[in-house]
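As written in TrEMBL, here are the features:
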- 1-25: signal peptide (SIGNAL)
- 44-145: domain 'SRCR' (DOMAIN)
- Cys70-Cys134: disulfide bond (DISULFID)
- Cys83-Cys144: disulfide bond (DISULFID)
- Cys114-Cys124: disulfide bond (DISULFID)
- 169-282: domain 'SRCR' (DOMAIN)
- Cys248-Cys258: disulfide bond (DISULFID)
- 289-311: region 'Disordered' (REGION)
- 293-302: compositional bias 'Polar residues' (COMPBIAS)
- 307-365: domain 'SRCR' (DOMAIN)
Amino acid sequence: MRPVSIWQRSPWGLLLCLLCSSCLGSPSPSTAPEKRAGSQGLRFRLAGFPRKPFEGRVEIQRAGEWGTICDDDFTLQAAHILCRELGFTEATGWTHSAKYGPGTGRIWLDNLSCSGTEQSVTECASRGWGNSDCTHDEDAGVICKDQRLPGFSDSNVIEVEQHLQVEEVRLRPAVGRGRRPLPVTEGLVEVRLPDGWSQVCDKGWSAHNSHVVCGMLGFPSEKRVNTAFYRLLAQRQQHSFGLHGVACVGTEAHLSLCSLEFYRANDTTRCPGGAPAVVSCVPGPLYAASGGQRKQQQSKPQGETRVRLKGGAHPGEGRVEVLKASTWGTVCDRKWDLQAASVVCRELGFGSAREALSGARMGQDVSKRYECANFGEQGITVGCWDLYRHDIDCQWIDITDVKPGNYILQVVINPNYEVAESDFTNNAMKCNCKYDGHRIWVHNCHIGDAFSEEANRRFERYPGQTSNQII
């Protein structure tokens with residue numbers, strides 16, 4: 001975003017020119033009449049990991065054979081139809097590039113095109129059953145609304161898990177609960193199973209296993225733990241083991257990808273000669289324990305940053321950019337997966353990647369052309385464009401009742417991140433503003449760090465500041 005320019009026209013008007021972020025509208029999901037429970041002769045299920053019960057890779061059984069759907073031409077409308085086939089009211093999103101892992105078997109549908117009003121997926125256009133040029137790296141998934149269709153008969157819906165699967169992992173502090181700061185970085189490893197939370201037997205537990213667990217919880221690495229202390233403590237407590245034989249390579253993004261075994265319900269001995277697995281993780285910069293520690297970390301000399309995330313609305317997400325020959329560039333998404341994304345996340349001080357996004361989902365390096373549309377007219381111009389057809393919008397600010405004095409001019413664009421942008425860091429600006437009743441001076445403008453503590457202190461110390469009111 002370029003600094004705001006201000007023209008003084010009269011004491012009653014203040015004209016601002018601002019960058020326009022891209023606004024993409026999406027049609028509301030169509031609501032079809034209540035449909036029959038699935039397509040005749042077909043069965044559906046959600047598969048993959050990590051996922052929740054209402055999301056996953058879509059798999060269809062046809063002629064007794066399970067297969068998947070290619071993500072080519074897949075849309076939210078197709079997701080609506082498939083979610084209703086699965087007994088949910090509608091879809092809230094869909095995924096591509098085998099987000100929930102690649103499937104096996106046939107790819108039943110390719111170039112699936114639905115309007116959203118079809119009663120069955122068989123009514124949607126496609127290349128025909130079993131006719132596809134895709135691989136399972138392009139398997140499509142859906143995220144359904146966690147709300148069932150009234151009276152839906154799910155006899156045609158099969159849950160893929162015929163066995164137990166690890167979906168959630170946590171660390172439970174063994175001592176000093178309630179006094180330890182959050183987040184918890186050391187404790188007993190627990191996994192969520194259908195009967196509740198269970199512990200993991202530490203027989204054969206390795207540093208590779210700890211590395212995977214720490215990554216799942218958002219920590220970049222693991223550290224050694226006092227196992228003798230925890231074994232002594234374990235002798236005085238009752239334990240419920242649900243998992244053993246965990247053997248990770250260390251590069252897995254999720255514990256469910258590791259070799260492991262579940263205890264059977266009729267086991268008479270649990271973890272003989274062992275104890276609950278304990279993991280201690282190294283907190284990244286985001287989880288600095290205190291302000292003093294954070295300042296100490298920031299004061300340490302650091303090498304030149306060569307990887308960064310841009311365009312994300314929250315810490316830990318964004319478009320991957322790398323520095324080479326003093327120039328920042330992007331990374332092609334070909335063969336981009338959770339393993340590759342996890343390497344970047346850990347390099348930046350986070351844990352394993354939760355999702356490897358492709359297709360420029362976090363925006364794309366565009367060539368901007370600055371032009372003000374409807375210059376001088378009241379209000380913001382209608383319509384925003386991905387490639388910034390008009391980068392600067394003009395709007396009048398009414399200062400009719402503003403008394404002469406020194407003020408802070410603050411401008412925030414897209415504050416709730418409701419519109420996707422290539423970069424959110426330049427959406428806020430603060431300036432010192434002086435108004436004498438006839439003219440306006442704006443100086444000491446800040447973008448990017450406009451809301452940082454240091455910037456606020458500079459504004460507070462501004463000599464002659466008679467009002468902290470923000471225009």
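Note: Cβ is positioned from N, Cα and C throughout, glycine not excepted.
Features per TrEMBL, on structure.
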residue	record	contacts (Cβ under 8 Å, 6+ apart)
Cys70	disulfide bond	Ile107, Leu109, Asp110, Asn111, Leu112, Ser132, Cys134, Glu138, Asp139, Ala140
Cys83	disulfide bond	Thr89, Glu90, Ala91, Val142, Cys144, Lys145
Cys114	disulfide bond	Thr75, Gln77, Ala78, His80, Ile81, Val121, Glu123, Cys124, Ala125
Cys248	disulfide bond	Ser206, His208, Asn209, His211, Val212, Leu255, Leu257, Cys258, Ser259
Neighbour tally for Cys124 (disulfide bond), based on other Cβ positions within 10 Å of its Cβ: 18
Residue distribution over DSSP helix, strand and coil in the domain 'SRCR' (44-145): 16 helix, 35 strand, 51 coil
Across the domain 'SRCR' (44-145), average pLDDT on the 0 to 100 scale: 91
Summary of DSSP states over the domain 'SRCR' (169-282), given as helix, strand and coil counts: 21 helix, 38 strand, 55 coil
Cys134, Cys144, Cys258 as disulfide-bonded residues, winner by CB count within 10 A: Cys144
